[in-house]
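Everything on this sheet refers to the single structure shown next.
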Amino acid sequence: MKNTFILGIEGTAWNLSAAIVTETEIIAEVTETYKPEVGGIHPREAAQHHAKYAASVIKRLLAEAKEKGVEPSDLDGIAFSQGPGLGPCLRTIATAARMLSLSLDIPLIGVNHCIAHIEIGIWRTPARDPVVLYVSGANSQVISFMEGRYRVFGETLDIGLGNALDKFARRAGLPHPGGPKIEACAKDAKRYIPLPYVIKGMDLSFSGLSTASSEALKKASLEDVCYSYQETAFAMVVEVAERALAHTGKNEVLLAGGVGANTRLREMLNEMCEARGAKFYVPEKRFMGDNGTMIAYTGLLMYKSGNTLTLEDSRVNPNFRTDDVNVTWIKEEEMKKVPEISPEAFLRAPPGERLDNGAEAVIYLDEGPEGKKVLVKERVPKLYRHKEIDERIRRERNRTEARLISEARRAGVPTPIIYDIEEFKLKMQFIEGVPIKYLITPELSEKVGELVGRLHSSGIVHGDLTTSNLLLAGERLYLIDFGLAYFDKSLEARGVDVHVLFQTFESTHRGHETLVKAFEKGYGSTFIDSKDVLKRVEEIKKRARYA
């Protein structure tokens, strides 16, 4: 059988890189990196760099391929990064790709840059159906495949982790690229400095962390601040990845993107996966940053599934989202089936037997008054987190949950009754119910909307609205897990709350559009400002990740 040869061009930001691959082999790759004299990336200068070197990069690539017996006439298609990325850079490499496509009379393939990071990781590791932690300059997302698309479970609400690291590095006077310099400085630290730790369900925010870290430089050493920044930011992304694992029941994590080259981040993810019994995969470092091979290989997958472009449809998209792509090259039936827990297992478990191993806590039953079952939620240490971060978070969330779960019940939201509070442990009413992630229907989604409407009317934001945190007991719906909850009546806070739930619908449940509409109906019936909040949800969803 004849090999398929695809030439791919990457040029979304710093790297201009081109490669030729087959189904099993990297034939050649050539890269020219834009390096500004000072500061961060300048889009027009980067585009000028790409324009200057595009011809020579392609020429060198074809020469290397020829040495291995591959001629231009052997090529089957030309793939290029269609987005997301910096507009001027994208337009430059798209022009080069179109010229090659026309001159060789072969198809053009527009590749989503983020998905290319995922596919190169799956190609170069044993991962098959992972939860993907994708952390690069402009993007920070937790992703997994379902129903023909890569779905986003959570993402940054402001700035990507890589850009946040670079921004802090510039303020600290460190040369570009900032990430490796921060990693090197962190190795000489002597203490941890408390910094903001911001997680909103499965979404993240890094802007406050960067600002606080810059302020900390006035009182602490550069080494200590770099160490503290890393420990805090990486703990946040690892926790979100663990939340996705717990919610989906999957047992693989794949690390993708340039920030994934950081050794400490890899260590933390590996520790988390070992504790959960999950497998952790990461490709070679050469495939973590932006590279032509990932574009060529993803282009090959697309080409073989009939996914090519006409010239008229080859416009670039600087805000091209991961979940906008119709993934034609993956067959749903070939993916691993996630085992679903039997609803009866929640009801039959004997005292002391672990019911659930969540991202925050372990859940088990105990004997209560008069022989009744009591649910115990114990926030156990997370070894991947720095001890100071871990103890602070577990203590704060335990107190918050005990207080706000009671406040929510007073506001008319069904929640478990708290019986006893310890430093890292809660004893509460055992609800003989089942998480609605196993049962969700439009009718249930409407009831969820009514519940959240009452919660928001009382000024409480849940902070972790997922279908794992809603229980159905008979005809009654209960809201649980208030560890990330807080009081806030702002449109932004309420919008993020609902956005997290909608992401869960889209990433985990089939027919998510009907679930969203049903929720909106229920939400509007109990919350007077629902229309304003839902409008804000749309704004949050459309926020660009490239600045």
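Residue numbering: from 1, along the chain as shown.
Cβ coordinates are placed from backbone N, Cα and C, and glycine is handled just like the others.
For 1-329, the entry in Swiss-Prot reads region 'Kae1'. Per Swiss-Prot, domain 'Protein kinase' is recorded for 340-547. Summarising the annotation, Swiss-Prot assigns ATP binding site to Leu355, Asp356, Asn357, Gly358, Ala359, Glu360, Ala361, Val362, Ile363, Lys377 and lists sequence analysis as the type of evidence. What Swiss-Prot lists as active site, proton acceptor is Asp464, and the listing cites sequence analysis.
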Among Asn357, Ile363 [binding-site residues], residue with fewest other Cβ within 10 Å: Asn357
Residues near Ala359 (ATP binding site) in space but at least six apart in sequence (CB under 8 A): Glu239, Glu242, Arg243, Leu245, Ala246
Between Asp464 (active site, proton acceptor) and Asn357 (ATP binding site): CA-CA distance (Å): 16
Neighbourhood of Asp464 (active site, proton acceptor) by C-beta distance under 8 A, where only residues 6 or more apart in the same chain count: Lys200, Gly201, Asp481, Gly483, Leu484, Ala485, Val500
